[in-house]
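*Asks:* For reference, the structure I am asking about is given below.
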Amino acid sequence: MTIIRKKHPLIKIINHSFIDLPAPSNISSWWNFGSLLGLCLAIQILTGLFLAMHYTSDTATAFSSVAHICRDVNYGWLIRYMHANGASMFFICLFLHVGRGVYYGSYNMIETWNMGIILLFAVMATAFMGYVLPWGQMSFWGATVITNLLSAIPYIGTTLVEWIWGGFSVDKATLTRFFAFHFILPFIITALVLVHLLFLHETGSNNPTGLNSDADKIPFHPYYTVKDFLGVLVLLMAFMILTLFFPDILGDPDNYTPANPLNTPPHIKPEWYFLFAYAILRSIPNKLGGVLALILSILILAFMPLLHTSKQRALTFRPITQTMYWVLVADLLVLTWIGGQPVEYPFIIIGQTASIAYFTIIMILMPIAGMIENNILDLN
């Protein structure tokens, strides 16, 4: 078996990635989320495939086809709710994975980090288009509002929006193409994940100290396969509790009303995992400015290696930047809350304050804190 594992052209790739891979001996449970994201992707592709067998991407029948899946297909309700809540679990793992990367300075592995940012954008695009497919009120109006933001692009904006819509409003053509893209993107994401892993295995994993761990490596199997399996069990437990006991808790009641272009819902808002970005978008009165802030709220991650001023990689031994980091986490929670609130006093001013704080902490306060720590520890 050992000979096949190490010699066979295909199996040796798996061997070098998941079995004989040298891994740092001290990586904590924060390093579990990569494998959990892989599991989430697999769940989403499988449940999505079975949903696609019964779904029709036509404005006249889309809403009914989802109802049909839930009522008439064997375990269709389970597949549908696993897919909907699987997206939420996916984003929880994504945010924790990115948060881990920021905390421990993993962004210094630039190729892996940039690939991760591309993956984040791809997953967000996929989730957005998936939300449109049930063709409920929030699906329709969410699609209208978000695609309409592109009209803020000077000169080509309006033409671009109509081109994406396939007409003069969100309609049959839009739904069909969104279904096509929603179906193909997860497979593109899977390919990008392999590239992400390829880049990661060029440098090896980071670890909680942020120090070089070449002198102390252990094989991935059995140590981290077992450790990852515990994470899998915890995730599946949480996932099943969410899906079987509270399937609609993260959804919007408006999406149980069929799409009606003549009736606008009182509060148009995206799924919970986009609310922080939506709050940043709404906090700027100018349309183009809002769109740029929205994109920059994610794209700012790409500038993290440039904003790293400390002589140490991780935040493990850096209490000042640690404080900044947790304030940033709290700020993101505030933004998420504000994104779901109506546009009125006092929510407008809270959202604007939180948006300014978000960019200030990342671009100004954390780099300054890094320099202060260098001076305190006399690392200059």
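Numbers run from 1 along the shown chain.
Just so it is clear, glycine is given a Cβ too, placed from its N, Cα and C backbone atoms.
What Swiss-Prot shows for this protein is this:
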- His83, His182: heme b b562 binding site (BINDING)
- His97, His196: heme b b566 binding site (BINDING)
- His201: ubiquinone binding site (BINDING)
- 33-53: transmembrane segment (TRANSMEM)
- 77-98: transmembrane segment (TRANSMEM)
- 113-133: transmembrane segment (TRANSMEM)
- 178-198: transmembrane segment (TRANSMEM)
- 226-246: transmembrane segment (TRANSMEM)
- 288-308: transmembrane segment (TRANSMEM)
- 320-340: transmembrane segment (TRANSMEM)
- 347-367: transmembrane segment (TRANSMEM)
*Asks:* Per the definition of 3+ C-beta pairs under 8 A with sequence separation of 6 or more, do the transmembrane segment (33-53) and the transmembrane segment (347-367) touch?
*Replies:* no
*Asks:* Same chain, outside the transmembrane segment (320-340) by at least 6, Cβ under 8 Å from its Cβ: which residues?
*Replies:* 99, 102-103, 269-270, 272, 274-280, 282, 310, 347, 350-351, 354-355, 357-358, 361-362, 365-366, 369-370, 372-373
*Asks:* Of His97, His182, His196, His201, the binding-site residues given in the record, which has the fewest other CB atoms within 10 A of its CB?
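*Replies:* Across His97, His182, His196, His201, these binding-site residues, the one with fewest Cβ atoms within 10 Å is His201.
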*Asks:* Need a quick answer: max count of Cβ pairs under 8 Å to the transmembrane segment (77-98), which of 178-198, 226-246, 288-308, 347-367 is it?
*Replies:* 226-246
*Asks:* Are there residues at least 6 beyond the ends of the transmembrane segment (226-246) whose Cβ is under 8 Å from a Cβ of it, and what are they?
*Replies:* 29, 32-33, 35-36, 39-40, 43, 78, 81-82, 85-86, 88-89, 93
*Asks:* What is the interatomic distance between the Cα atoms of His196 (heme b b566 binding site) and His83 (heme b b562 binding site), given in whole Å?
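*Replies:* Taking the Cα atoms only, His196 (heme b b566 binding site) lies 24 Å from His83 (heme b b562 binding site).
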*Asks:* Measuring Cα to Cα, how many angstrom lie between His83 (heme b b562 binding site) and His97 (heme b b566 binding site)?
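*Replies:* Between the alpha carbons of His83 (heme b b562 binding site) and His97 (heme b b566 binding site) there are 21 Å.
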*Asks:* Can you grab the distance from His97 (heme b b566 binding site) over to the residue listed as 'ubiquinone binding site'? Cα atoms, rounded to a whole Å.
*Replies:* 17
*Asks:* In angstrom units, rounded to an integer, how far apart are the Cα atoms of the residue listed as 'ubiquinone binding site' and His182 (heme b b562 binding site)?
*Replies:* 29
